[in-house]
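All remarks here apply to the structure that follows.
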């Protein structure tokens, strides 16, 4: 049996048993071969309860709608950085050049920050004072008035209107008084303040703003249930539109006044509304007579009806005269003559001398155009008598001129010559060169016609020139032919 020799033992440490972990640099090197003598240790994943797989959740990264620079701008505008009341504004927002964009559009940062010059202005302090007093409506309207663009009040002269600072203080006080008095139910005082504001803006020719204050007064008067106050405001509002030639709006307001007055049995207000309606109807018909004569006739008929209702002879005569003129311009001479005759009758019955003279001339003109010569002569003689009684030289001039033309049309040249002589004398008394020249020409033609047929005791001008030398010499020496 062989003997066993002594066994050799070697002590091995834990460090020697652990294989070296290759570094990332060495493993990433190109051409590096793994060491076959080393065993790679693979990390073991922790087990998940109920599942053998590891579920990983990734958080979605959303892009911000605004940049950090724009976010800073929002912070600046929200907290009022750079808008200190005292001292110079700080430069916190000086680095922000661009505005920030929102869903509503782009906003410039500079427009959000209030400038120091604006905070030192009168309009800024007035708006703040109105808001501090609790007058929110005053603040809103005053802000609009003080920050609006200059208003063009004259298109031809390009005149612009802006409320001066000293007047803006007064406007603010009136607006605040309107709001406070309305809360106290002092409705008449409110309307008086609105009237003052409307008068001021109308004097500056800012008619839109003046109309706005009239409208406010009317709405407050209607809320008050004070019918007399409501009627007064409507009449003032209508008169404003009448002054500025917005006649249809004026008519609408005056008609409301009339119907309400009739419902309340307020005779005095109804009569006042009637007179204003008549005047407005006549003015509007004068504007429409060339462009829309049928509509003008409808307004004149309404004016005629109202004038007869209130028994106003002057307005009735004017309505009839205007109707006659429109029908004459339309070529309806029969109806024109009918209305002019009614015009003459109303004027004579009411002893309206001026209108009676004018009516006589109008009737005669229509009769002459319709070849009613005898009737025209009669009407003209009536007009001449009225003018002579009233010592109206201009009326005498017109009557004698038309009378001479009427006599010429009828073939009575002797009476025509007499009328033209009277016409020339009246023209010289008027000291009007144009009328004098016109009368001289008419008289010259009349004298020529007369001498052509009646010169030399009825022989005529042509036989005298051809045969009677003695008569020619007498004419040349004495001026008598």
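Glycine is treated like the rest: Cβ placed from N, Cα and C.
The compositional bias 'Low complexity' annotation in Swiss-Prot covers 1-18.
The region 'Disordered' annotation in Swiss-Prot covers 1-53.
Look at Swiss-Prot and you will find 191-224 tagged as repeat 'TPR 1'. Per-residue pLDDT, averaged along the repeat 'TPR 1' (191-224), amounts to 93 for this model.
Counting residues per DSSP class in helix, strand and coil order gives 31 helix, 0 strand, 3 coil for the repeat 'TPR 2' (231-264). Sequence annotations record features per position, and here Swiss-Prot assigns repeat 'TPR 2' to 231-264.
Helix first, then strand, then coil: DSSP counts for the repeat 'TPR 3' (271-310) stand at 35 helix, 0 strand, 5 coil. Taken from Swiss-Prot, the feature repeat 'TPR 3' applies to 271-310, supported by sequence analysis.
Taken from Swiss-Prot, the feature repeat 'TPR 4' applies to 317-350, supported by sequence analysis. Same-chain neighbours of the repeat 'TPR 4' (317-350): 278, 282, 285-286, 289-290, 293, 296-297, 300-301, 303-304, 307, 356, 358-360, 362-363, 366-367, 369-370, counting only residues six or more beyond its ends whose CB sits under 8 Å from a CB of the stretch.
As a summary of secondary structure, the repeat 'TPR 5' (357-390) carries 30 helix, 0 strand, 4 coil according to DSSP. The annotation repeat 'TPR 5' is assigned in Swiss-Prot to 357-390.
Taken from Swiss-Prot, the feature repeat 'TPR 6' applies to 397-430. Only residues 6 or more beyond the boundaries of the repeat 'TPR 6' (397-430), in the same chain, are considered here, and those with a CB under 8 A from a CB of the stretch are 357, 360-361, 364-365, 368, 373-374, 376-377, 380-381, 383-384, 387, 436, 438-440, 442-443, 446-447, 449-450, 453.
Residues 235, 238-239, 242, 247-248, 250-251, 254-255, 257-258, 261, 316, 318-320, 322-323, 325-327, 329-330 of the same chain lie 6+ residues outside the repeat 'TPR 3' (271-310) yet bring a C-beta within less than 8 angstroms of a C-beta in it.
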